[in-house]
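These notes are about the structure you will find just below.
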Amino acid sequence: MTIIRKKHPLIKIINHAFIDLPAPSNISSWWNFGSLLGLCLIIQILTGLFLAMHYTSDTSTAFSSVTHICRDVNYGWLIRYMHANGASMFFICLFLHVGRGMYYGSYNMIETWNMGIILLFAVMATAFMGYVLPWGQMSFWGATVITNLLSAIPYIGTTLVEWIWGGFSVDKATLTRFFAFHFILPFIITALVFVHLLFLHETGSNNPTGLNSDADKIPFHPYYTIKDFLGVLILLTGLMILVLFFPDVLGDPDNYTPANPLNTPAHIKPEWYFLFAYAILRSIPNKLGGVLTLILSILILALLPLLHTSKQRGLTFRPITQTMYWILVADLLILTWIGGQPVEYPFIIIGQMASIAYFAIIVIFMPMAGMIENNILDLD
C-alpha cells in the first residue's frame, strides 16, 4: 500500500497534499476552515446537481418548479434547504477563513492570498445568481437592483446592463443565463481551489506564532485528518439543525411570493452574507462612487500585504493591533445589521460612519498600530 501511495502517478499527488504533507505541529482549530470550505463546495455541487434535474429556468415555471421540488420530489425539501442553508454555512466558513488569514498574517503568502480573493469574488457571484433562480419577489428585484448598478459605468454602462439582461429588463433571457452560469461556476471554483492549494503547498502553512515551523513539522495524516473530521461533524450538525428545525430563518419571506415586475417590495435587500457590502454601497450618495466602494470593500484585502508595517507576522503578540482587529469585526457586524435596515434616519448616518470606520481601520489605524508596536518593542 505504501509503495502505491508513494509511486502511483495519481495517488502520489493526493499523498503529497493530504497524507504525507508536512504541517506545523501547533496549528489550531482556526486552520480547520479550509477543509470545511471543501466540504461545503462538495455539498453545494451535489445538492445543486439534484436540484438542476428538476428545476426549469423559465420565468413562467421557475417558481412552480421549486415548489414542485419541495412538495413532490422525494426528499426534495431536504435537498433544496441543504443547498440554500449550505450557502450560508459556506459564507460563515469563508468569513472565518479570511478573518483567520487577516489575524495571523497569512496574507504575506501573496499568491495564495490573491487566489483566495479571486475565489471569494467567484463564490459571491455564484451565490448572487443562485438567489435569482427561485424567481420570487426578492430574486427578481435583487437581480434588477444589483445588475442595474453596472449602468453607473461611464459610456458603456447602459449597453452593458442590457447585454447582461438579454433585453430591456430582467426577464426570461436573464434567468436562463443566470442558471447556466450558476451551474458552471462551482466547477470553475473547484479548479481555482486546486490552484489555491498548489500555491499554499509551495510555501507551507502559516501557524499561530507566525514563526518559521520547518524545524517542527508533523504529517498531515493522521493528526490533522482526525482534527478536520471533528470540524466536519460540527459543521454537518449545525447545518442539519438549521435545515431540519429553522430552514427559512436566514431567507426572506418575500421570496415566497412569485416575481412581479409591477409590485416592488418595501425593502429590497440581498442575502445576509452580502449585507455588509450592501450597507457600504448604500452609504455613498453617488451611484458610481457606491459601486466602486462596494468592489473596493472586498478588493482592499489585496492591499493587506502592502499595508503590513509590523516586524511580526501575526497579531498573537500585538495587543494594540488586536484591539483594532476586533473593532473591525464589530464594525462588520454593525454594517451587516445596517444593510438589512430601511434607508432612513438614524440608519443612514450609522451606515456611513461604519463604512468610513471599515476603510480607516484597515488603511490607517492597523498600519499605525503596527509601527507603534515596533517602537514599543524597539524592533526598528
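Keep in mind that glycine also has a Cβ here, set from the backbone N, Cα and C atoms.
These features come from Swiss-Prot:
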- 33-53: transmembrane segment (TRANSMEM)
- 77-98: transmembrane segment (TRANSMEM)
- His83, His182: heme b b562 binding site (BINDING)
- His97, His196: heme b b566 binding site (BINDING)
- 113-133: transmembrane segment (TRANSMEM)
- 178-198: transmembrane segment (TRANSMEM)
- His201: ubiquinone binding site (BINDING)
- 226-246: transmembrane segment (TRANSMEM)
- 288-308: transmembrane segment (TRANSMEM)
- 320-340: transmembrane segment (TRANSMEM)
- 347-367: transmembrane segment (TRANSMEM)
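Residues 29, 32-33, 35-36, 39-40, 43, 78, 81-82, 85-86, 88-89, 93 of the same chain lie 6+ residues outside the transmembrane segment (226-246) yet bring a C-beta within less than 8 angstroms of a C-beta in it. Distant neighbours of the transmembrane segment (347-367): 279-280, 282-284, 293, 296-297, 300, 303-304, 307-309, 321, 324-325, 327-328, 331-332, 334-335, 338-339, 341; these residues of the same chain sit at least 6 beyond its ends, with a Cβ under 8 Å from one of its Cβ atoms. Distances between the Cα of His83 (heme b b562 binding site) and those of the binding-site residues His97, His196, His201 are shortest for His97. Of the recorded residues, His97 (heme b b566 binding site) and His201 (ubiquinone binding site) place their C-alpha atoms 17 Å from one another.
The transmembrane segment (33-53) makes contact with the transmembrane segment (178-198), as judged by at least three Cβ pairs under 8 Å among residues 6 or more apart in sequence.
Distance between Cα atoms for His182 (heme b b562 binding site) and His196 (heme b b566 binding site): 21 Å, as a whole number. Residues within less than 8 Å, Cβ to Cβ, of His201 (ubiquinone binding site) and separated from it by at least 6 positions along the same chain comprise His16, Ala17, Leu21.
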